[in-house]
Amino acid sequence: MRKTFCFGGSRVAKRMSERAPMVDGCVFCDIARRAPTSTTALLFSDDKVVAFRDINPSAFRHYLVIPIEHIPTVNSLQRTTDDHQLVGHMVKVGKDLLNQDAPNSEEHRFGFHQPPFNSVDHLHLHCLALPFIPSWRQVKYTPLGPFGGFIEAEKILERIKPESEVYS
């Protein structure tokens, strides 16, 4: 089966825009389920997420942490305990990996690209140990205000934090 990067108007892309345990044809779902066709080496895996090196790194260290469940984009995340815990876990995994592999980096950055700036419609956290290589790549990881672009993980966690229950 031809692998797609999940963008654009096909029937496959429509399926990939929905939340599901796994989606056929999604390159990140294949990595998450460790499909025989995937040659990606995993740096970390558990029952919720997997982590691996970005194939086109933009920084000294550039890892991706993805959920095993197919969640299309940050816009698919809900203000629920489950989604909040998932993103928090993704960030913790990324921080642990960078603290282990690049403890002396000048800065660590964690975030997501928002549509239409995401390259794959499967939620993925960029974990970057700076400096950017080459330096112009920092543009891809800069928030663009109302236009979207890159959003830091902490801002997503604030956005999807479940509302406190009111006790009377």
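Glycine is no exception: its Cβ is also placed from the backbone N, Cα and C atoms.
In TrEMBL, annotation is done automatically, which means it is predicted and not curated.
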Annotated stretch (motif 'Histidine triad motif', per TrEMBL) among the listed ranges 32-36, 97-101, 122-126: 122-126
Mean per-residue pLDDT computed across the motif 'Histidine triad motif' (122-126): 97
Counts by DSSP class (helix H/G/I, strand E/B, coil) across the motif 'Histidine triad motif' (122-126): 0 helix, 2 strand, 3 coil
Secondary structure content of the domain 'HIT' (27-141), with strand meaning DSSP E or B: 37 helix, 34 strand, 44 coil
